[in-house]
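Participant: Sharing the features that Swiss-Prot gives for it:
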BINDING   Thr26, Gly27, Ser28, Thr29, Asp79, Gly80, Ala81, Asp82, Lys92, Gly93, Gly94, Gly95, Lys119  substrate binding site
ACT_SITE  Glu101  active site, proton acceptor
Amino acid sequence: MSEAKRRAAEKAIEYVENDMIIGVGTGSTVAYFIDALGRTPKRIKGAVSSSEQSTAHLKQHGIEVLELNHTGTLPLYVDGADECDPYKRLIKGGGASLTREKIIAEASKQFICIIDPNKQVATLGKLPLPIEVIPMARSLVARQIMARTDGQPVWREGVITDNGNVILDVHHLRITDPVKLEQELNQIPGVVCVGLFARRCADLVIIGSEPPHIL
């Protein structure tokens, strides 16, 4: 599995150009990408990071971490996913960094998702759907989710996001219309971000098969 992640990550380096400022996501596959960034002879101007974890990793390789407010639109964003369907729609948020990931994806011209083959699914929803929630609204949001969907929200106890919020993981969802569900869940008061990347899906998916496959 680690080899598949490494293959996807190293393939993504081909899309990095000198003097770029790139967006960098979070997770085990992205960690391989950051390591590959540190080894490549290409020299980027810096990176916008989606988490404190990735920020620390980038700095270990001497890569300057920049604020999105100061960079404007980014040419490229590279991140992983928990699930990916044939239409490049994603479930993300296993690492609890979904809000910053969605912000950077929206701010980027090209969003490349790097995954191992096991992350491919015919229909999203095999894994729980993470939702970042304002702490005081946790119970309200959970009730609203149960009223609006067939899902079962579970509080990810002990996890606080980099934004100071909590995560509800919604199990047993039948996601037949990802864009519609993303919009509906976003309307619940107290929801900060839904881990469905359907409206802003990936532009390119690199699957770390042997050899890597492009979707």
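The backbone N, Cα and C atoms fix where each Cβ goes, and this holds for glycine too.
Have a look at these and tell me how they're positioned relative to everything else.
Facilitator: The Cβ of Lys92 (substrate binding site) has Asp79, Gly80, Ala81, Asp82, Leu98, Glu101, Lys102, Pro130, Gly195, Phe197 as same-chain neighbours under 8 Å, each 6 or more residues away in sequence.
Cβ neighbours within 10 Å of Glu101 (active site, proton acceptor), excluding its own Cβ and spanning all shown chains: 30. Under the DSSP three-state reduction, Glu101 (active site, proton acceptor) is assigned to helix.
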Participant: For Asp79 (substrate binding site), list the number of other Cβ atoms lying within 10 Å of its Cβ atom.
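Facilitator: Excluding its own Cβ, Asp79 (substrate binding site) sees 30 Cβ atoms within 10 Å.
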Participant: Whole number in angstrom, please: the longest C-alpha to C-alpha distance across Thr26, Gly27, Ser28, Thr29, Asp79, Gly80, Ala81, Asp82, Lys92, Gly93, Gly94, Gly95, Lys119 for substrate.
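Facilitator: Across Thr26, Gly27, Ser28, Thr29, Asp79, Gly80, Ala81, Asp82, Lys92, Gly93, Gly94, Gly95, Lys119, the two farthest Cα atoms sit 15 Å apart.
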Participant: Around the recorded substrate site, report the further residues of that chain (criterion: Cβ within 8 Å of the mean position of the Cβ atoms of Thr26, Gly27, Ser28, Thr29, Asp79, Gly80, Ala81, Asp82, Lys92, Gly93, Gly94, Gly95, Lys119; site residues excluded), sequence-ordered.
Facilitator: Gly25, Val30
Participant: At 10 angstroms around each C-beta, which of the binding-site residues Thr26, Ser28, Gly94 has the fewest other C-beta atoms nearby?
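Facilitator: Checked Thr26, Ser28, Gly94; of these binding-site residues, fewest Cβ neighbours within 10 Å: Ser28.
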Participant: Is Asp79 (substrate binding site) helix, strand or coil when read with DSSP?
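Facilitator: It is in a strand.
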